[in-house]
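Novice: Residues or ranges marked as repeat 'WD' in TrEMBL: 20-62, 64-105, 106-147, 168-202, 212-232. Sequence annotations record features per position, and here TrEMBL assigns domain 'SOCS box' to 231-275.
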Amino acid sequence: MASFPPRVNEKEIGKLLLNLVDHTEVVRDLTFAPDGSLILVSASRDKTLRVWDLKDDGNMMKVLRGHQNWVYSCAFSPNSSMLCSVGASKAVFLWNMDKYTMIRKLEGHHHDVVACDFSPDGALLATASYDTRVFIWDPYNGDILMEFGHLFPPPTPIFAGGANDRWVRAVSFSHDGLHVASLADDKMVRFWRIDEDYPVQIAPLSNGLCCAFSTDGSVLAAGTHDGSVYFWATPRQVPSLQHLCRMSIRRVMTTQEVQELPVPSKVLEFLSYRI
C-alpha cells in the first residue's frame, strides 16, 4: 500500500497527490488531527463532516451526521480525542473521535455559529456566532464560562437571531491560552483575556473574515473579503502562576478528573476554569 505523503523529488513538488471526492456541496473547512496521524476532517454545506485517512490513500473512514443545516467550521482538541463542529441553526456539536459518536450539543447561541477553536490545553472551547457573541465553554460539561459581547447593551434573542451589524465572523485562541481574538462586522478586531468580559485591545478592520495567531502568539493575521491580509502585534502579558498550573494539569486531565482529585477545595478552585 502506498504511503502518504509519498517520497518525491524536487521536480514533482506541486503535483496533485490526492483528490477526495464524496461531499455533495461546498466544503467550508478542513482540519487535521494534531497527533500527526494524518486524519483529516472536512466540513460541508451538505450537512456532514467526513473523516479521511490520508495514510490509507485518502480512504473515507466515517461520515459524521447530526447537523440539520450547513456546517461552517470544525476544530480538533489538542489531544485529537474530541472534535467540535459548528454551523447554521445555532449548532455546536462535540464528537468523540475515538468512537466517532456525538458527545453532546452545546446550546446557548441564538444564530448561526461560524467559527470555533480549542484552547492549547483543551480545557476551553471558543465559538463565534452571528448573534454578536463569542462563548467560552467547558467542553467536558457544556457550561458557558465566559461571554464576549460585541454589542452593548446585549441584544435580545430576537434581535440577536436576525440581521445586525455585529455578526462575529472568526475567533482564535492564542497559544498562551490566555488571549482570544475575534473579528466582527462592526469593522473591529478585538483581543480578549479569558478572565475579563471586555476587550484588552481593539483595532480597526473592515470586511474581516478569518484570523489566526502565529505559533509564538506574538502576531495575529486576519484575512478579509477584499483579498487582503493584515497583521497585528498582539497583547503580551506574563501569565499568572494560576494560569500556568491550570494549563499544565488540564493538558492531561478532564474537568471531571480535576474535580475528583483528593486535594483541598481551595486547590481545586485554583486549578479550575470557573464562571
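Glycine is no exception: its Cβ is also placed from the backbone N, Cα and C atoms.
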Novice: Please indicate, using numbers and ranges, the residues of the same chain that are 6 or more beyond the repeat 'WD' (106-147) and have a C-beta under 8 Å from a C-beta there.
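Specialist: Distal contacts: 70, 72-79, 82, 84-94, 154-155, 157, 160-162, 164, 166-173, 175-177, 180, 182, 184, 192, 194-195, 197, 210, 246-248, 250-251, 254-256, 273-275.
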Novice: In terms of Cβ proximity under 8 Å, which residues at least six beyond the ends of the repeat 'WD' (212-232) contact it?
Specialist: 170, 172-176, 179, 181, 183, 189, 191, 203, 205-206
Novice: In terms of Cβ proximity under 8 Å, which residues at least six beyond the ends of the repeat 'WD' (168-202) contact it?
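Specialist: Sequence-remote neighbours of the repeat 'WD' (168-202) are 114-121, 124, 126-130, 132-134, 136, 146-150, 208-213, 215-217, 220, 222, 232, 234-235, 237, 239, 243, 247, 273.
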Novice: Take the repeat 'WD' (106-147) and average the pLDDT across it for me.
Specialist: 97
